[in-house]
Structures are given as structure tokens and as C-alpha cells.
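According to TrEMBL, the protein carries these features:
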DOMAIN    B:64-245  domain 'ABC transmembrane type-1'
TRANSMEM  B:71-93  transmembrane segment
TRANSMEM  B:105-124  transmembrane segment
TRANSMEM  B:130-149  transmembrane segment
TRANSMEM  B:156-176  transmembrane segment
TRANSMEM  B:188-205  transmembrane segment
TRANSMEM  B:226-249  transmembrane segment
Amino acid sequence: MTRKLVQALPPLAAFTVLLLLWEAGVRYGFLKPYQFPPVSRIARGFVELSTTGFPTGVSIWSHALTTILRVLQGYGAALALAIPLGLVIGALPVVDKLTAPLIVFCRSVATLSLLPLVIVWFGAGELTKVFLIGYGCFWVMLSNVIAGVRYVDPTLVRAARTFGLKGLELYRSVVLPAALPRIFAGARMALGVGFMVIVGAEMIGTIEGLGALIMEARTFYRSEITIIGMLVIGLIGFTISAGLMALERAMLPWAGNLDRVRR
Amino acid sequence: MKPLSRLSAASDLTLGLIGAILAVAAWEISARTGLVDPAIFPSPSLAIRAAAERLTAETVADNLFWSLLRVFSGFLLGALAGAAVGIAAGWYRGFGAIARPLIELLRPIPPLAWIPLAIIWFGLGEPSKFFIIFLGAFFPVVTAAYQGMRSIDPMLLKAAQTFGLSGVPLLLRVAVPAAAPDLATGVRIGWGLSFGVLVAAELIAADRGLGYMIINERNTGGSVGVIVVGILLIGALNLITDAAIGAAIKRWIGRWHGA
Amino acid sequence: MSQSPVMERRSPDAGVEGHGPAETAFIRIDGARKVFTQRSGGAVPVLDNVDLAIAENEFVSFIGRSGCGKTTLLNMIAGLEDVSAGRIAIAGKVVTGPGQGQGVVFQQHALFPWLTAVDNVAFGFHKSGLAKAERRRRALDLLALVGLEAAAGRYPREMSGGMQQRVSIARALALDPQILLMDEPFGALDELTRIELQQELLRIWEARRKTIVFVTHSISEALMLSDRIVLLAPNPGRIKRIFPVDLPRPRLRTDPGFNALYQAIWNELST
């Protein structure tokens, strides 16, 4: 316990010194407060954001909720489509080979480059954002599910075959569980993509959501609000990703080092 | 087993090609038969015709040049900085103890969320785009470099020490090569992220580049065909450059590292 | 039925080149070939014209350099790989796939990482139609047989290499197979664990009356365990020579007979 405290001391001290220098730099005129809003101003900005809101009436929590809901809708839809599809494609080698280059290309298409096209399809509303998140998450998830199913340790399959398992039964009781760590890894990667896409998508044609908040704040010279928004985005991403890790650990207690399942 | 897998390598390519051709054919047919409205999602042939009408090779080449210049410069410096910081944080404990928490604090913030701040700091010109792309490469590379340094087999270091190596020579001749495979993974991820960030930055705030080219087409009420061609061009560019970086990595460490 | 073959096993003509006594052959390999097709269309012979008869309850080891096809031959007996030409029969029935009374222990333990020790063994009863509780009870019995009842709840990653391989043996025994096929099962273990497991295996073999086919790289391991040692040579894989091991059990490494055979096999392997 005390050792942990001692270990945390140098970074904490460094961090505090950095913030103090920053604050002092602004006070004594070395740094422009607009470019480097001091901690005191960020704190006041946070109070304003969580009470009155920015723009007035829309608190930081409501921005955050909007963003989270958008991500979850697109992410959820992507997972709901990609997991079953990937499980099927991965089980059929011929279909996998037919679709492989197509999937690689679709994954290479920069998700946000679709924005102008998707606006033509769905207008600049909610559906466009959810679609973009879904697109980005879908291909990442799909390729991971397929890889998970395809690259199951062949000795495990052989071992199961010695007990007479084949076909669907072999798939269900051996291939599927063996693919789970990779599927979970894909889910975590896809979530990262989702958060990346939403921030970009919200910067165009909307005033709600954290991406819109940080962009709007800039045009009103409220850089402290931009910084708060960034920190909240980081915090949400971090929390959800940690939640997924915990879920993974609870659901796959047998998989030792989860970071090692990356290929 | 090995000859078998080589056998399938040939048919992989053929099947993949067939799949791609089928997909393009299905797209073309669905647009021709009116299954999909060509006005909102034109067939490949229509899109290419529209693009050929509205864009000159010069315009495309100019935008392409700017996009590539931005992404390469930002990525190169971001990856170099990431590698340097990550390796130093993994090697020098004191530096690592201070640098790591700061990096971990900033890492969950997606690079695109830095766009407004980048504009505040550097204005609307090239430096702000450079900065965002730099960040896109920096964070994956710094994380991978640090992890690579931390997971070096200590026996390797001990073995080198028995030959009298220590300090910077030990770092450069043994530790960095040992961390290279992890570093390479980070570089690959960093490239993908830099590229995605480039397109977004060009959509949001730019007056040239491929991302600008397609959003401008949409804002000026131009042709959907041009947008589609632009998207495919960006996708192809990403694919080709990623493959090139993959090949370069393979040349670099492939001879002694399996992947 | 289980008495006479034991006698046969020790009979002097059991080691006749290529064939065991025809009427007692339990596993019968006739002119078995294995050819892998290459991308260029060329065919690589992996095993060429292998004849071998293995008696019931016999313990036979395959030994040879890498690439001599010993694992391929084992996999073909297991029904995990097709025979390109010739045939393999168990108790008069041609092998067409796994599940004809062959239990297999793999080189890497091949335990399912998401199942605990007892569930891994219970996996062996997958096709048995037994109730869940009964499967578990039998799986625990098998774990007890290999001395691991205390580790029933552990996942593979929580066990040592030796324990993993014990679970793997228990799992292979689940369906009470007549044949146990083992592919370098102790190759990755340290010497002490290895000797321990060899003794364990002999105990199980004697208690449960199995026919064992054992692939190994180690001459002394083959000598410690087997009734006969089949030496394979590469390019293409074929049987070069068969050594009967007529040493009484328990065997000692210091026995002069042991050493003489060791030298003979070594000479054959290194030419």
C-alpha cells in the first residue's frame, strides 16, 4: 500500500508542477489564456458546464449522454450484424476466401470519408452518425470474428475429432469457445473505432454531443470548455473499455493474459 | 500439412478475385436495374464517368499530393517521437515513472478530439493538421514501444552484459532490436490511425486534399459519382500504403521474426 | 481374450520384420502410403509402403528423425488423416475416421483452455449419452487414476506441464479405448516429470490392458516402455527396422541388455 503511494508520488508531483507552471505562465503573461486556459479557469468552466450548460441549457452530462447513445446504437447494430455473419463466414473456407479481399478493402475505406455520401443518403441527422459508427465498428468486428473462427488451434479440433465430434457439434463446442478471446478483442477494438468516428462525425452539422461541444466552444473562444470536453471523451472511452475488460475477465476466466490474444 | 497450405495460397487469390468481381458486378447491376437509385448511389461505371467529367487529372493529383504529404510528414515525426519516448520510458525508470502516467492520461482521448485545440494553438493552416496526424501516430507507437521494452527477455540483456555491453550501446544494440517486433505492430496501427485522422481533418477544416475534395463536392451540390470515386480512391490509397508499410516492416525484421 | 495376446507379445516371432503374428494382429497396416500434393502439382511421398502388425495389448514405439512420418502414421491410425494408398484396420475393421476405439494423446496437451480439468476429461464422454452427473463422476474417477483428483477445478493454464499431460491421458481414456495413440506426449516435460509419467503410463497400461502406440524422439524412453521399437527412416518415410525389447519390467537403464539395445538403435539411427 505504502509502496504504491511512494510509486505514485513522482508522477503526481510532476503533474502538479506542470499545472502550477501552466497557471503561473498565464498569470505572468507568458502563455495566452485563450490558448492555455489555466486550471482555475477550467474548474470554473466545469461548474458552468454541469449547471447552466453550453450552449445554455445543454449540460455536459446531456452532451455526454447524446454521444454515448449514438456510439452504443451504431456499435450495437454493428456487433449484432458482424458476429453472426463472421461466425458463418469463418466456418465456410470458400466463402471466407471469396469475401476476404472485399472485407479488407471495406475496412480500409476511411470511415469518415463516407460522410459526404451518407449525408446524401440520410441527411445530416442522427441516422448518418449512427451509420458511420456502425460502418467503422462492423468491419473491424467482422474481420476479428472471422479470424477468431479460422485460426482456432488445429490440435484442439483434432482432439475433439478423436471423440467423434464433427460438423455443427464440433463448431459449437470447440471452435466457438476457442474463438471467444479474439471476438472479445475485436469488440474492444471496434469500440475504440466507434469513439474515434463519433467525435469526427459530431464536428460536422450538429450542436449536440461532445464532439460538437468542443468544436462549438472553440468558435466562441471558450478553450477551457474544449479541454473539459476532451477530458470527458477520454474518460468515457476509458471507462467503457475498462468495463469491457472486466466483462471479458468475468466471462472468460480461463483465458489468462488477455492482451496476448492480439495477433 | 505445409504443402497443403501452399496449395491453397494459389486458389485463395483466384477466389478472392472472383469475389471482388462478383461484388462489383452486383453493385453495377443493382444500380442499372434501378434497385438502388443511381442518383444517390451510382454504379461504378457511372461514378467513374462522372468523376472523369468533373475532375481533371491535375486536380486529383494535386489533392492526392497534399494528402500524402500531410500524412507522411505527420506520421513520420509522430512515429519517431513515439518510438523515442516509448523506448526512453521503458529504459530509464525515472523518466518512465513520470512520462507514463501523463501519456496514459492523454491516450484515451481520440486524436480527432484534439482538432479544436489544435486550431486554437496553431490556427487553421497546415500545422494544426500536422499536429493531429502526429498524435494519431504518436500514441499507438509510444504505447507499443514501451510495452516492447518492458517485455524484453532479461536473459538477452544479461547475455549482452557478459560481453561487456552496457548503457547506450546495450540499449541500441540489444534492447531496441529486441523490442522491434512490438514497435512494428505499433507503427502499423499508428499508420492506420494517422490515415483515418488525415481524412477527418481534411473534411472538417481544409482547403485541399482528398478529404476536402469530396466534402467540397457535396457542399457545392456536385456529383455523387465524384464522392464515390473519392471514397474508393482514399480506401485504395490506405490499402496500398498499409501494404507498403507492412512490406517494409517485413524487410526490416521479417528475416528473424516470424510475423 | 485378453490373456493369450500377452503371451503372444513375448513370443520370439513377434518381432519378425514387417509383420507380427497374423492371426493376433490387432492393428494391421498393409502397404500404407501417404502423399501430400504440392501447389506445383507435384506429389511428395511422406510415407511409402508401410506394413506393420501390432498385437492386442502390445506396447509399440515409433522412433526416427524428424520428417520420417512417424506422427503421420500415428494420425492415420487415429483416423485423423486419410491413407493415400493401402489400408489400416483395427480388429479387422478398416479405419475410416476417429472414434473406432482410438484414444489420442497429443504432443502439446491439446486441452480445451476454457474447460476445467474435470470438464476436459468429461468432454471425452461427449458422445456417450451419459447423464451429466454420471459423466462428471466418471471423469473424477479417471482424474483419480492419474493422481489428479485434487486439481479437478483448475483450468489448463493453472496447471504444470506434467499435470496437463496427465489430464490429457485421463481424457483419452474416457471412452475406455482399446488403443491409446500417443504422439511424443512427454517430449516437452522435464526429465523427472517425464520418468514419473512413464512409470504412471506403464501402471495404467498394465491395469487397463491397452494397446499403446507411442511416438518418441528418445531412445531410452522407447526402451523403458516398449515391447517393440519400430524405427522409421525419412525420404520417404518407411520402416527401417524393428527391435523387439525382451527385457523384464521394471527396466533399469543400467542393465547391460538395455545398453546393448540402446547402442544398436543409435547405430541404426545414425547411419
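Yeah, the Cβs are placed from backbone N, Cα and C, and that goes for glycine too.
Residues of the same chain lying 6 or more positions beyond the ends of the transmembrane segment (B:156-176) and with a Cβ under 8 Å from any Cβ of it are 87, 90-91, 149, 183.
Listed by sequence, the residues of this chain that lie at least six past the ends of the transmembrane segment (B:105-124) yet keep a Cβ under 8 A from its Cβ atoms are 131-133, 135-136, 139, 143, 193, 197, 200-201, 204-205. Note on the transmembrane segment (B:71-93): residues 99-100, 103, 129-146, 148-150, 171, 175-176, 179, 183, 186-187, 190-191, 194-195, 198, 241 of its chain, located 6 or more positions outside it, place their CB under 8 angstroms from a CB of the stretch.
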